[in-house]
Amino acid sequence: MDALRKLGSLGRRRDEVDTASSPLKNEASAAEIPRDPVQISGKDEASPSGLTPIRVRVPEDVRSESEVKRDGDEESVGSGESFDSALERMEASSITSFEPPSPMESIDGRFQFEDGVREDLAESGLDGNFSYDDDDDDEEEEEDGSEEGESTSSSIINSEYSSSASNTEDEMDISGYGASSARTMLVSNDASKSDEEAIDEPKYKLRNVVTGEENMSGGLSVENEARGVALSSWKSELEDFYEASLEDNDVQEELAEKIIKVASEQNDEEDEEVHFPVIANELPGRITRNRTMIDSPAHLYSAVKAVDSTLPALKSESTKSITQGFVEAEEAESDVFTEGEDGYDDEDEDGDIQMDVSQATEKSGTPDESESNPSMGAGGPRLPSLPQRSSARRSAATTATGVPRPNTASSTQSAATSDASISSESSEANEIREKLQNIRIKFLRLARRLNQSPQNVVVAQVLYRLGLAESLRGGSSLNRTRAFSFDHANALAEEQEAAKYEDLDFACTILVLGKTGVGKSATINSIFDECKTVTSAYYPSTTKVHEVSGTVLGVKVRFIDTPGLLPSTADQRHNKNIMRQVKKYIKKVSPDIVLYFDRMDMQTRDSGDVPLLRTITDVFGAAVWFNATVVLTHASKAPPDGSNGTPMSYDYFVAQRSHFVQQTIRQAAGDARLQNPVSLVENHPACRINRSGQRVLPNGQPWKQQLLLLCFASKILAEANTLLKLQEASTPGKPFGQRSRVPPLPYLLSSLLQSRAQLKMPDEQHGESEDSDDDSDEEDEEEGDEYDDLPPFRPLSKQELEDLSKEQRQEYAEELADRERLFQKKQYREQIRRRRERKKQASVMSKEEPSIPGDGAEDESGQPATVAVPMPDMALPPSFDSDNPTHRYRYLETANQWLVRPVLETHGWDHDAGYDGFNVEKMFVVKEKIPASVSGQVTKDKKEAQVNFEAAASLRHGEGKVTLTGFDVQTIGKDLAYTVRAETRFNNFKRNKTTAGVTATYLNDTIAAGVKLEDRVLIGKRVKLVVNGGVLTGKGDKAYGGSLEATLRGKEYPLSRTLSTLGLSVMDWHGDLAIGGNLQSQFMVGKTMMVGRANLNNRGSGQVSIRASSSEQLQMVLIGIVPILRSLINCRFGFGGQPQQ
């Protein structure tokens, strides 16, 4: 280090002698410029290196002198830059400060700095030929310029570049910056040499102290007239020579001779003639450079910092520290611009980055000063803007030696292509990027107000998600300036907070839900630090939905306070009424986030809150939990004892309670992926307070700031999602939006296993049911008609009935009921007999004259269509309305074969006009032997539309063989499912029918296919057994299912209407076995029809219902008094409802 300082002092003394004698220098000598003494302040505590920053006071009289000589400097220096030009850049401020990097220690010839390793002068070597400005030799060089040719002219041009900045440094005490001064010597102007040439000729390439031409625009390498002095052998020899001769007064002359000697020997070995320029004796004196000259160690450091971000930042009055967490991103951005140096002419990209850099330097310099010197301003050294570096490189390449750079045409073409591609970007992308940056600034301002640093987990996660969403939405075009986005946003957030504290366009609306007595209203009061709502520890204080608004830290916050909910299963009706009020209220004011409140000290291991959470899910939908935060009050409660009898830790207690609440929400929402954030709250007046006056939890964290940060972060992410339109713009191939889902196999399998009736011809549609043919041949003809065997019967008049006794009247009624039953049975048998005869006649006629049955059927089917008859009234539910509009649902059948009817919502509130869709049906015959039907229904409410369409046709192809085909369209969720099915039924035996079918469903770009097999067996006259099974597969998934149904009919069915059915169903999907059983029975008790139903599954859930209908037992109406009395008792005493206040 001492040797380098001596070397610098030798160069300064030599400069003082040569300054006046140089004929090429048109600038004023540094000694002629009056200067104030150098002021050295005390040690800067913020400086990481601990060095004393140097402040140079520039007097006002220097400015006028420099302005006079500026024009002359530009003419004489050419592309160089004088000391007076540097003074002009410092006019905006009278004090310029800089702090060069300080070497901490030397390791293997390298100086170790705080943020990296910089090569020492001895190890770096010399990167080509040095051009020394010796006065005598310069005159000889001008005389022999015509003989030297191109190489000599290049040397003369470079020798004209004077460095008055070196003389400026001579007047200062910069002995402590020997390393940096030495690095300044190695700056050159080899702009005409490309990177490819440097790689192809490694033996001629010298390593520079700074990154060199590969990393610095315009190049920092030495001239290329003596390229062959770059071998490690003479570098080590040169290093030894430096160390041995630094203390010698003639070290520079010997050094110059040594350079010439070593270079000559090396070129002699290569048989290459090299023309050396005139080498002056002052090695550390003036140095020829290109237009981007560096005047001092601090300036050199600023230029190197532009391409190497690992250097420690300079401490100046206009420089702000960069957040530690984003240093790596800045380094990555620097590498991006370094790698694309050769063809980097993208003005749009440079403009984006220059915008961030220029905004960061507005305070310290004017625009004109920044343009004149990108690396120097009134406030001290700064990073040069990259677009000006590119222009400097191009100007140096065209003015150096006239040798064209390789691949110039291709580079220009690629640059033009790049410019065209960037210019083709729509203005919408730039607008989105600007708005997203404003969102970042807004969030950083909110975080500052909440005293949260960018290293906070929530803040960092939100910023990461914003960057990720921006990348997914805009691709690489929006990702180029990612390294500058945070620094720029953070600086603007700090400036806006300092200038306009109240000017923050942000408001948050929060919906509060939770059980009664958990502290919802108390939390609202704690957040506003004032009593906004009335609270009570003994009874619920909030009786209706209302809004509480105020300002917290300059942010408008609005709470929607709701009455407390009750956790009991019997109170869910009360909860539904409250949530319907909330749902009606939020239609006017939409909330940004939902807070679900619960108590921290509620130790419940059961699923008692599941009914409450499911009620919330049913009313608001499962999406209510996607933007919800769990708030646990009474967070200062001491943890209970663990299983071993010792109190558990506070963190473990919080994690255990949070996990239980989150698991309950997942169970109620039906989504195992939910992970709602949890925030802790303590509203007790005796809560601990820190030095800042904030209420803190037992773990020392202020809960108010954390809760507000979660709410604000959710609102910020929602704004970004709305701006970027991720869900709308996403496709199934992208991470967001609709993805290809597995079809609902259990639902489709249940539809496949369902038995469907075969279509019949119009003349065959007189049977009672599909099973009427099964027992038509089994009627006992030998029994005859019992009604005909009865003795004659004379009905009695009313007077005669009054004369009879009670027993006689009862016997008369029984006799009359038996005769009525036998008469109905006789009519039923005659109907079956006629149908059998008609079938036989149709089969015979089809064999003899195929055309006659068709014509007859056509006439018979067309005759009733020509007469308009009233249709039967629709079955309406019982209603106590005085104006029940039954007349609205009576229609007339027209001659048109299409039947169109409205669809009535029987359970809707609108009894006057409760239409929500229409139904279309039509039956027709294809080719006189294939019956077909088409039906469809469309329903629409305010939110959803349902579409159901079905087309079916039956084809008979032999005795007892029928094939049914169909096409269905139905709405499943938000998608349409298209199903094609076909099944064939054939008779194996007289009492056995077998059905086999296939189906295929197309849903959401997925096809699900399945098969089924069904067998129907009749056992005697009263028992029917149906067994079916099937499998459905789609997208690698499978579902298996089957069912068994046994039916027992009464002796006189269908006259007696006695029927009992036992069913069992099994389904296996994803290894989850679902078993269900159901039982249904109906029978007559006198003239009262009794119907009982019961079902149970393997998960323990079931249902039992009993229904009785009678036209004689009017006392059954008294059963309706029971629910009326229960409602009155609940309203009076509060059982099952809201407690009375």
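The backbone N, Cα and C atoms fix where each Cβ goes, and this holds for glycine too.
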Q) Looking at Swiss-Prot, Gly517, Val518, Gly519, Lys520, Ser521, Ala522, Glu682, Asn683 are annotated for GTP. Which of His488, His546, His574, His634 sits in that same site? A) His634
Q: State the residue range annotated as region 'G1' by Swiss-Prot; the candidates are 210-217, 514-521, 882-889, 954-961.
A: 514-521
**Q.** Among ranges 696-716, 1116-1136, whichever one Swiss-Prot labels transmembrane segment
**A.** 1116-1136
Q) Average pLDDT across the region 'G1' (514-521)? A) 88
Q | Cβ-Cβ distance under 8 Å to Ser521 (Mg(2+) binding site), same chain, at least six residues away | A | Thr533, Val534, Thr535, Ser541, Thr542, Asp561
**Q.** DSSP-assigned states of the region 'G2' (541-545) in counts, ordered helix, strand, coil
**A.** 0 helix, 0 strand, 5 coil
Q: Kindly assign Ser521 (Mg(2+) binding site) to one of the three DSSP-derived states: helix, strand or coil.
A: helix
Q.
Treating G and I as helix alongside H, and B as strand alongside E, what does DSSP give for the region 'G3' (561-564) in helix, strand and coil?
A. 0 helix, 1 strand, 3 coil
